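Quick notes on the structure that follows.
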């Protein structure tokens, strides 16, 4: 792989086994001139300086040929070749410039993303406002925050900014007092989170070694997989820190190579993305961002967010349209649309042709025909005059991949694409999966929804692997270049590094497809942190309200009595009152038992429906936990109501449909 660099950005040419260099990036001016607008669709430019990589001995591909065959990387390189051919027949588009923050800005941006921007700058306020949030952090999360706070403090002092610069010792003084007993019952010593470079890669058994880089091997489809519950109760970074410090690290790392990870059963219910109210989801994202940073810190992986600072795109059409603009366009046609209509239609067209077609997604359509179809779709799709019968199945698959590649910003987002790529550097599959879980939580809603639809479709393709010959591994090899390599934001790469990136991104794609159910789960430890934040905020608000009432000479005793009995009025101990304002039976007292589940509560209400309401099906209405230590949470069917009641005794219980 070769790079041509300038002060404005870089252009990438990718290696292919044929020996040809293939353009994967755009054309840029030389000598620091402005990048030109003649780039291929779906490519990105970066305003950044690249670290010089020391020269290494030439990479001997033949020495690793057996491993290459095992990983089926030929499929990957063939897809790169197909992408190049399709790009040659496409028109050019404005460059998207991606900028890295300057010195000090990186940490300030990090604190903003973590919900702690009020600690610094013009918006700096009383650090006490963040104390509730900081008090809920684990030791590794706190270490990640403290590291960035210290860096920003030093930078602001160097620049002599006239903003309030709190001493990091003041910010974390209360934090240290509350952390004398670790929140997860973990009393082990603090973790080094700054200069820890990844050690111990030699602990992996039967891994693929490429030069000095070792990869976790992809598991053959037919390999028997052990069932392993994922631990969603303890912080992922805490688990990694304990593993790193433990003498059992070697044994643990070698065991998860062929594990089939599954969701553990949780009596208080599994929380999925979309189950929480927006205000709680925002807290989840702040915590997920800090947790991801803490996990990467433990292994010395740098988490750098990128920003798209120059984007000139079409404001209408189908291809090369920003996802949010495309959805706004579609929602004017069909209100409530969450997945682009063209994306949905392309998937439907592929499925109409039957998912048993051999080589589906792998065999490309004719490049000239694809170009003509794109132009025709742009002109006729929204008019409803496009003839879908003329679209061959392989052409529809090529159009689907083209649509993904040509999004002005990558589906995995400019901000987090590098973090997705960096997942391959985590030492175990379990930690890679944990990082992917956090990254999916952090994606913008539109990107996350479309990624979910894509992964579900890919799984349906794989379900027909006996006839279409497209195993999870094969599909991962085909799709990885379309999600990762066409928006390359990486460092200057050699052929060896490009090979590592190919195998690494294919491995990430493999994990996302295989474990997609896990990725849309919000870890319980994060939900518990949100509950703790809400509880502390309620205490603070209640204290302020009491003070206000006293000042206004109200009867404080009367207020406290009302406040205490609001949620328990006329409800005996061990009974909850469930509200169903949209059903014929609007309220019902339910006796709690150890076996009572959320699905049982729903069944009792639905069994009493009559008339139009009787047509309501399971899955159209849900039981919600509202208030107490949570804003709002949709309960899964297997939630044990008594266990949840004990966790949140002040909640109200309401049956309603999910917002669209």
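Positions of Cβ are set from backbone N, Cα and C atoms, glycine also.
TrEMBL entries are annotated by machine, without manual review.
Region 'Disordered' is the annotation TrEMBL gives to one range among 135-169, 240-274, 275-309, and that range is 240-274. Your range for region 'Disordered', going by TrEMBL and the list 83-113, 176-206, is 176-206. Each residue in the domain 'Rho-GAP' (321-520) has a pLDDT score, and their mean in this model is 91.
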